[in-house]
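Beneath this line is the structure, given in structure tokens, with notes to follow.
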Amino acid sequence: MLLWLLLLIWTPGRGQSGVAPKAVLLLEPPWSTTFKGEKVTLTCRESHSLAQGNTIWYRDMKPWRVRANKIQITESGNYQCKTQGSSLSDAVHVEFSSDWLILQASHPVFEGDDVTLRCQGKDAKNTNKKVYYKDGKQLPNSNNLDSIKLNSVSRDNSKYHCTADRTTFLIPYEQTSKSLSIQVQELFPHPVLKASSSTPVEGSAMTLTCETQLSPQKPNVQLQFSFFRDSQTLGSGWSRSPKLQIPAMWTEDSGSYWCEAETVTHSVKKRSLRSQIHVQRVPVSNVNLEIQPTGGQLIEGENMVLICSVAQGSGNVTFSWHREGTVRSLGRKTQRSLLAELQVPTVKERDAGRYYCAADNVHGPILSTRIRVTVRIPVSYPVLTLRAPGPQAVVGDLLELHCEAPRGSPPILYQFYHENVTLGNSSAPSGGGASFNLSLRAEHSGNYSCDADNGLGAQRSHRVSLSIAGTSGNRTGLATAAVMGLLLSILGLAAAAALLHHARTRRKTGGPSATGTSSSNECQEPALSKSSRIDPQEPIHSEPLALMEPEPVYSNVNPEDSNQIYSQVWSIQHTKENSANCPRMHQKDEELTVLYSELKKIHPDDSARQASNRGRVHEDGEENYENVPCVSLASDH
């Protein structure tokens, strides 16, 4: 029996893939124990047919030189066979016993099979009251039976025997058989777990295979498989496939792996040995930053995408994006990927600079090269300014057209237009504005505008109107007219003085006055004079005025020249008494006559512009008033 156990352990080829199937050894009659003197026929078969060609037989691990596929034996021993198309069969122990009572077990028996036990005496007629035992304990419902059936046996070390009464000369004697170990053959060997790699790299796929092989004598048995890591079931559980595909392995997948194989009837289940699998992490390398739009050339308001990638690296990779000069990162992402992207919406001018990214999977951050990002600004609406030598543009002037866009990346090209007709262009390489000079002609009156364009879209200014008057000589004529007007004013003052003298002569001789008298010794602000108006541009007089006479004369003088009107002629007499009452007056003894007059020249061809150059504009029939400083009115007797 010990030799048989050793032979089972020694049997080569069990459970190994790539080895020829085992040969099958059959017994006839199908009992592994028989009485001495009887014969047993051994047949060697390949998987599904009789052995072809030479067959080598072994007894107690020693080869026989017998070449037939069937032999008869009469001696006890452990028998095996081998053919050219099969590997060595499992050993079968055949026992030839000289005992009166034996226990027989059917053969072959595989794991999970039902087995028949038969208690036999040499003299069957005189063998009665048979009882069956397992490991010294009577099996239930086994009294006085010629045979019993054991369900789903396994390969254990159980010992069986039987007892029976032997009747001799009508006297029964109890007989006991030798112990019997049932030769239960493997239905399939313990599975072996195989992995496509025992040290897979993070992110790589791995295949687990639960390898075993059914006995050729049990081709109809179906198996199912399950895989485990530590105490966790992998996949979907039990499956008919002996393989499990794992798409990607990560560091947390490191551990102890094993598998199980069992029959679909759950009668036999076997487990593999545990295998340690360590998942290796690959450090990141070759970190690269890509910017979209390509080249890092952006227009203000566009969206920018920063793409950080690594050529190698496994596991969770932490990506971060940075701009030189800023302490905090622009963004951070951790994911199981060799690529990540960050979106920067609506870039501004301040977003320009040098960008880089970093990647880290626990081995330390690796930086990319730096890429410069430029943000170009489209031009804003430009402002057009017209600059002429004087307040009024005239023919022959050199007009400067200055166009400037408040915002916009250089270089900027400016186009100048007159009534939408291009006059010319000027460039501003460093930004700012540009000018264009134009010598004015009469046809240059009208609307002017300009365009600003830096390649990101042109913008046009508002229109500016320009009116051109005659020729440049007109400006000289206006000055001449102003001088002539001044001379005429002086002449008018002289005429007014003569009229004033005439009026005073009339008053001394008792002539009537034009107005009533005012109360004496009273400092008054004279009333506004008629037919006059203050010009806000004229300087304010700071010299004191002389005193007025008690009865000022209001008269309008219209000489023969109908184009000139003189008015507001006052005679102011200075006295000591009046000076005392009005300290603002000059303290002079002599008589001072001050004449205020206003000259208005009316000519049908005189234009509004020429009147403006003289400093005042008067209209017919309009009363103008002029403030007269405070004076003391004295009666003149």
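The backbone N, Cα and C atoms fix where each Cβ goes, and this holds for glycine too.
Database features, via TrEMBL:
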- 510-520: compositional bias 'Low complexity' (COMPBIAS)
- 21-97: domain 'Ig-like' (DOMAIN)
- 111-181: domain 'Ig-like' (DOMAIN)
- 189-269: domain 'Ig-like' (DOMAIN)
- 283-374: domain 'Ig-like' (DOMAIN)
- 382-467: domain 'Ig-like' (DOMAIN)
- 506-538: region 'Disordered' (REGION)
- 602-637: region 'Disordered' (REGION)
- 1-15: signal peptide (SIGNAL)
- 478-500: transmembrane segment (TRANSMEM)
Task: Recorded stretches the domain 'Ig-like' (189-269) and the domain 'Ig-like' (21-97) touching, at least 3 CB pairs under 8 Å - done: yes
TODO: Let me know the model's mean pLDDT on the domain 'Ig-like' (283-374).
DONE: 93
Task: When counting Cβ pairs under 8 Å to the domain 'Ig-like' (21-97), the leader among 111-181, 283-374, 382-467 - done: 111-181
Open item on the list: From the DSSP assignment alone, can you count helix, strand and coil residues within the domain 'Ig-like' (382-467)?
Closed with: 3 helix, 49 strand, 34 coil
